[in-house]
Amino acid sequence: MHYSASGLALAFLLPAIQAQQTLYGQCGGSGWTGATSCVAGAACSTLNQWYAQCLPAATTTSTTLTTTTSSVTTTSNPGSTTTTSSVTVTATASGNPFSGYQLYVNPYYSSEVQSIAIPSLTGTLSSLAPAATAAAKVPSFVWLDVAAKVPTMATYLADIRSQNAAGANPPIAGQFVVYDLPDRDCAALASNGEFAISDGGVQHYKDYIDSIREILVEYSDVHVILVIEPDSLANLVTNLNVAKCANAQSAYLECTNYAVTQLNLPNVAMYLDAGHAGWLGWPANLQPAANLYAGVYSDAGSPAALRGLATNVANYNAWAIDTCPSYTQGNSVCDEKDYINALAPLLRAQGFDAHFITDTGRNGKQPTGQQAWGDWCNVIGTGFGARPSTNTGDSLLDAFVWVKPGGESDGTSDTSAARYDAHCGYSDALQPAPEAGTWFQAYFVQLLQNANPSF
């Protein structure tokens, strides 16, 4: 993938302004120089050697389940769900899984904005503070990009359960990205993952999925929306000429199959990542893409919880644009609306009645500053886009969403770094940039200044 969101450590941190860190803020880890104690009601919990986070002190991840009769019922998941120690794994999701829910505000992203971004808005930039505060409240997906982050899913779902039990109306749904394939990011370097196929990576990945499944079963009364493995399947459509991708093909397919079958649960809706218009929207790529995604769906037994595909994740394409930008190089399928409407019939013809979600987190300014459509790293001239909504105007599109947390880097511009990718050093990439997933203040400012609609 071109980035790894919600990184394990925050880069370019200013000295801590407060003696105590806020709930869900970072409180420790290798190289951390900020506050190491938490506000009342929170405890500093070490997730790994790089990252510790202030989590609710009363939070428990016990696998002992209690029975409830006050489960959430919505138009997208008929019937109530009872939390018991024995769950029948027969997915029942139908209809738009976003309908009837409000989306969870990512606490980690919110803490980045509150504890890093806003204090850094000084001088002439101080006028952006209200917009930054508003951006922190926009729901975005939580990235489970290393196995060590999986326990945070339980923490956040416990918080959602508590808010729903307190009468949240509409009830809250959680949003997560499953992103830890072995030999991840096979066609780039910026977001190489923790598992290697040559070192038991497939089994490590299955263990990672099992941990996620256990949490989803425990919180079966909480509605959860998942994006599955950004870039992975799209790489199998176009990049098998890259040795790492060719070597990873069978592992990617096996692991994706395992993910969508094991996570096929009544409280879950899944979307496979499907690249974007500038990747798979070319005439030569549409049918091969449809063949691959329909095959994955069929090979997994047509899981009821596999709702469809996610597009434009961490990218910049417009949802709908009147005039194709010059960098789209003459492809008439130059926005995400045209892309999904070109792909959907090809999928349907093979038995996959897919619906879609599109990431609008960074596509607010059109055209962008891209010099080439394939330039993906920290692109200049971008802005926050449409807020998450089911008011899409297209029956194929379930929702606009923010999958990529805006302000987290796509990759480092440091040419000496192990994960340096040349795209992050291009003239249309904002520089200097920190490692993928870490906070990039200048990029956040750019997104705020170019936001459309503005905050």
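Each residue, glycine too, has its Cβ placed from N, Cα and C.
Residues annotated as disulfide bond in Swiss-Prot: C27-C44 (among others).
Annotation comment: Swiss-Prot describes C38-C54 (among others) as disulfide bond. Just so you know, the Cβ of C38 (disulfide bond) picks up 23 other Cβ atoms within 10 Å once every protein chain is counted.
For C186-C245 (among others), the entry in Swiss-Prot reads disulfide bond, with the evidence type similarity to another entry. Counting only same-chain residues six or more apart in sequence, the Cβ atoms lying under 8 angstroms from the Cβ of C186 (disulfide bond) belong to S232, N235, N239, V242, K244, C245, A248, Y252.
Taken from Swiss-Prot, the feature disulfide bond applies to C377-C424 (among others). C377 (disulfide bond) is surrounded by 26 other CB atoms, counting those within 10 A of its CB over all protein chains shown.
Regional average pLDDT for the domain 'CBM1' (20-55) in the model is 69. Annotation comment: Swiss-Prot describes 20-55 as domain 'CBM1'.
Per Swiss-Prot, the feature region 'Thr-rich linker' maps to 59-92.
Here Swiss-Prot flags 66-86 as region 'Disordered'.
What Swiss-Prot lists as region 'Catalytic' is 93-450.
As annotated by Swiss-Prot, signal peptide applies to 1-19, with the evidence given as sequence analysis.
Ranking the disulfide-bonded residues C38, C377, C424 by the distance of their Cα atoms from the Cα of C44 (disulfide bond) places C38 first. If you draw a 10 Å sphere around the CB of C44 (disulfide bond), it holds 19 other CB atoms from the protein chains shown. Following the DSSP three-state reduction, the secondary structure of C377 (disulfide bond) is coil. If you compare Cα positions, C38 (disulfide bond) sits closest to C27 out of the disulfide-bonded residues C27, C377, C424. Most other Cβ atoms within 10 A: among the disulfide-bonded residues C27, C245, C424, that distinction falls to C424. Cα separation, C27 (disulfide bond) to C424 (disulfide bond), rounded: 29 Å.
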